[in-house]
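Accompanying notes for the structure given below.
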Amino acid sequence: MTGEQYIRQFNHPISIYTLRSALVFTVTFVIAMTSLSMWMLVISPQNVVLGVITLPLTTLLYFFLSWAITTIAGYSNTKYRDYPQVMALVIQAVWYVSPVFFKKEMFTSNPALEVLFNLNPITRILNLIRAPFLYGEMPSGVDYLFTLSTIAVLTVIAVYVNRKNQDKVIFYL
């Protein structure tokens with residue numbers, strides 16, 4: 001968790017430190033999306049308008065998603081010192097089973113893989129960017145529903161973790 005010295009000295013709500021991390025991630029995302037928009041103007045300019053129209057809602061959803069994740073990760077990292085090493089492996093595994101580098105058709109050729117592909121929340125979250133910018137399509141309602149459901153579940157977990165550990169986090173630092 002960032003701000004260890006401040007946490008030790010001041011009695012602020014711990015969630016402001018995870019909020020700061022989420023805001024940094026969101027600003028970085030907006031900068032990256034600006035670069036993507038400029039690149040898409042060269043590659044397929046017809047998709048940029050739809051991408052820019054959907055970008056504010058997507059950014060807001062990604063902000064809430066990152067805040068929930070940083071809250072859970074911040075407490076876990078503080079409490080369990082091996083957390084970064086384990087998460088590096090988990091993120092690498094999730095990265096390879098998600099359609100980041102691979103086309104959707106590679107996963108939909110096999111019925112079993114297609115079921116896993118459609119149930120993977122990372123796929124739906126990535127579709128909020130992929131559909132408008134790459135394919136010129138509006139993200140589906142299912143994509144938004146999966147993303148909102150993922151945010152809701154992670155927010156409930158983050159609130160629980162925050163309430164359970166906010167008074168004890170000082171002992172883990």
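Every residue, even glycine, has its Cβ placed from backbone N, Cα and C.
Tertiary proximity for the transmembrane segment (21-42) is limited to same-chain residues at least six positions away from its ends with a CB under 8 Å from its CB atoms, namely 2, 48, 51-52, 55, 59, 62-63, 66-67, 70, 74, 129, 133. Taken from TrEMBL, the feature transmembrane segment covers 21-42 (among others).
Per TrEMBL, transmembrane segment is recorded for 48-74 (among others).
Look at TrEMBL and you will find 86-102 (among others) tagged as transmembrane segment.
The transmembrane segment feature in TrEMBL is assigned to 144-161 (among others). Nonlocal intrachain contacts for the transmembrane segment (144-161), taken as residues 6+ away from its ends with a CB within less than 8 angstroms of a stretch CB, comprise 61, 64-65, 67-69, 71-72, 75-76, 121, 124-125, 128.
Remote same-chain partners of the transmembrane segment (48-74), defined as residues 6 or more beyond its termini with a Cβ less than 8 Å from a stretch Cβ, comprise 1-2, 15, 17-19, 21-23, 25-26, 29-30, 33, 36-37, 40-41, 83, 87, 125, 128-129, 132-133, 136-139, 144, 147-148, 150-151, 154-155, 157-158, 161-162.
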